Amino acid sequence: MRQRITYLQEPQDSVDPKALKVTENSISTPKLKAAREERITFAFDELPQELYSVLKTCRELHIRWISQNHYGSVAPLVSTLTPGLHVFYTPHLNKPDSNLLCPMLKKVFGAVDCLSPVESFTSLPSNKSSPSAATQYYQALDTLHDFIEYGKHKICAGSEKECLDRISNILLASSVDIDFDTTSLALTMTAFWPLHTQDINLKKTASSGRLEVGVLSIEPSKQPEELSLGGFLTVVGEDTKPSPTLFSFPSRHHPSKSTFSASFLSPSGLHPTLELKISSNKPPTEDRSCSLYCHFTLPRAVFADRYQFLDSLFLASKNLSTLHYITTPVDLEAPVYTVSLWGTSVLLELAPPLGAEQSWTAQIPLHLRYLLPTANTSGQSPLAVPYPVVLWACDAHEEINFSINPFDRVNLGYDGLLGSKTIFYHLSPEGNRLTNVISVPVLDLDKSKYVELSTAGVVLLAFSWVMWCLWCVLRRNGYGSGNYRIKEGKKKQ
Amino acid sequence: MSKFFSSPVLVFVAAIALRVVLFFYGLWQDGNSPMKYTDIDYYVFTDAARFTANGGSPYDRETYRYTPLLAWMLWPTTWSSTWFSFGKVLFAVGDIVAGWLIFLVLQDSNKMSTEQALKFASIWLLNPMVATISTRGSSEGLLGVMVIALLWAILQKQIYVAGFLLGFGVHFKIYPFIYAPSIIWWLDDERLGLRKASSSKTDLISLATNFCNGARIKITLASLLTFMLLNTVMYSVYGWDFLQHTYLHHVTRIDHRHNFSPYNTLLYLNSSAPGTSIIQLESIAFLPQLFLAAFALPLMLAKKDLPSTMLAQTFAFVSFNKVCTSQYFLWYMVFLPFYLPNSSLLARKYVGLTAALLWVATQALWLQQGFQLEFLGKSTFVPGLFLAGTLFFLTNAWILGIVVSDIGAGRTQFHVE
């Protein structure tokens, strides 16, 4: 096992190295205002047997969980996804899709309703220039409570207080990544906690493996695509004092000064329109070509109709540019309870208005499926639609080796779609909860008791009436042509 | 006004002008507004045509649920952006041809004066709803010309042409199969002018051999052959996709996004909780529908008045269907010019007005409830939409009863001069 714990500070909060107390097996300091990233790498033999047997069937597995509570991000950890649980999965080369994956996800994360990769996952386009996982799954998940319980039982075998405390702390994390691929033969778990004041008191124990602790803050960098970090690094148990450091690296993900918010126009009905309010129409940098994108991860109850995004007049009227990607196929008619695929992801290019800097809006038309009928809700069901990710994607011109960035993050869904020579500038969302809840009209079971009986009665009544009319015809004129009668009638005239 | 209706040229110029104006208005609206005049289905057809033109399958386009013939017909729409509108022209021409055939049938078979025939043909020709639907690019108008051509051919005793059109129509949209029993029943010896002395024998075998006259055998074989041939060709080119999307989809669909059908709410309810229903009504919904449309109505009425019987059958089929949208109304509207002249709905003004008023009002009620649901998010499934759909259905059934009685009474009772 290897552990890397990094505290990221605002420059004005930078730690005084004298306050960092390093002993032969610990590091501590009181009241440090910092965001925190913890990265733990497990070797295969350190994993529970059941996890190991699932991983054996995968070529790549990337799990991303993002909290729906928004606390702000800190460079260089600015990349994000739609809140919820994302799974990016590539089956092992010579093996069929894993039938162990979904049961395992359920066991580890709790309420996950995936059936199997074939039934519930959607495929992602393969892109040679930026390899990404082959399939995708998503599910809204508010809390990692089940994950923490699983970790307590399976990872902290010896019920060490240190281990239990650290795992419990994940409840406050704003994102958790779990990465595995066959080339590294190791499982990495990375968790991120937003900026807050905390006492550091980290001990190296027998089971904790190599423990590296950094306290860093962002420094001005020379190149626009680079980030510089300065501060102190300590390998606990090896170093006797923190060693000062200053290093730069190219970064895929950068913060943007703009912000956005997302809300549904009211009334939302069965065809809700999501409105994005964006604080600026100006790209983050003038010397690269940049486009503004919105990346949606939509649960199956709500979807975008790709055929709606073809007409340029329609797109322009909503400040949209082009539909860059949408999961296919999307059933445009089925009710939610007959769909087993998780939902759809959509990458939409927006069209910021030209001219002077201004705040502006874009509207994205969406559609709802029929949801299950309900009782005791007056025919309304709440539906949570998570925030999209909004970002500027700028052309990096040349191949930049982003992987030397110790905080590099890939397999986010949109990065594979936009190519590896792209620099992302993330707009930070406004608001505390990154989810909109809309009310969806459904059949009210309290009023539907007699629907079947009345339908049967009405059809029977209508059928009998027509049959009665036919019977009268038969009695009076028979089933023949009745020509005889006409001739007779004419004679009389 | 009577001068206008006494000139076929004037009426047809007006009908064409109506469509030309709507066609160009549509182009203008599409070019200048984010709200499109063109029907969503038209994009489905033309996308499918593009897939076909590029050597692919029309079923590569999601929600394409028609015969590949339609995509082939629209091949010119793939040539250029100007040719894109070719399909709308084709559908509008189909409308006009259907109107022309209605006019011919009214003159020849119903022995109407030119003026009378043009007046009643104008129910179709000058109907803004019909002209709008075809110029927006909905293919329902094409079906109109197919079934009217079928009617015209059968009244002209063009048995093979009729057989071909029947097979073609069923291949195209399934529902015209209901016309097979009425046409076959109508083609009796009396109609064909073959009065045989064999009517004395009443044993089953001679009844059966008498029933199978030449025309009946010819039309059955011709239509079956056309139908099977088209299906074989399409299946050999597009395989299972063709069967799945053109036919099986319509059998297995659980399409309960709200529509006019009386079964709509029930379908939503029972599809969401399978196995909880007591009578599984939706699985036997085809029984009353097909019993009326394909058996009882043809048997009782076809020999009296074939065109009006086809109206009654279509009306019954659409009203008792599990899915019912306003495009289906066009299926029976095309037969109105044949029925209305002898209809008590025209002869007894108050009955006619009440029927029209109820037909419109119950639809308006449904549309208002649908708007509340779709755009305002109110849960109007029950009682609103359910009640409105039920009332509309009962209105249709009531009118159907009147239509049945009128056809049964023959032509002499109500004749409008």
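Placed from the backbone N, Cα and C atoms, the Cβ positions cover glycine too.
From the options B:219-238, B:279-298, the stretch TrEMBL describes as transmembrane segment is B:219-238. Within its own chain, the transmembrane segment (B:314-338) is flanked in space by residues 98, 102, 105-106, 110, 120-121, 123-124, 127, 129-130, 133, 138, 140-141, 143-144, 147-148, 175, 178, 253, 255, 259-263, 267, 282, 285-286, 288-289, 292-293, 297, 305, 307-308, 363, 393, 396-397, 399-400, 403, which lie at least six positions past its ends and keep a Cβ under 8 Å from the stretch. Scored on C-beta pairs under 8 angstroms, the neighbour of the transmembrane segment (B:83-106) with the top count among B:9-28, B:137-155, B:161-187, B:219-238 is B:137-155.
Taking Cβ pairs closer than 8 Å, the transmembrane segment (B:9-28) reaches residues 3, 37-38, 85, 88-89, 92, 95-96, 99-100, 118, 121-122, 125-126, 128, 131-132, 134-136 in its own chain, all 6 or more past its ends. When Cβ-Cβ distances under 8 Å to the transmembrane segment (B:137-155) are tallied for each of B:161-187, B:219-238, B:380-404, the top count falls to B:161-187.
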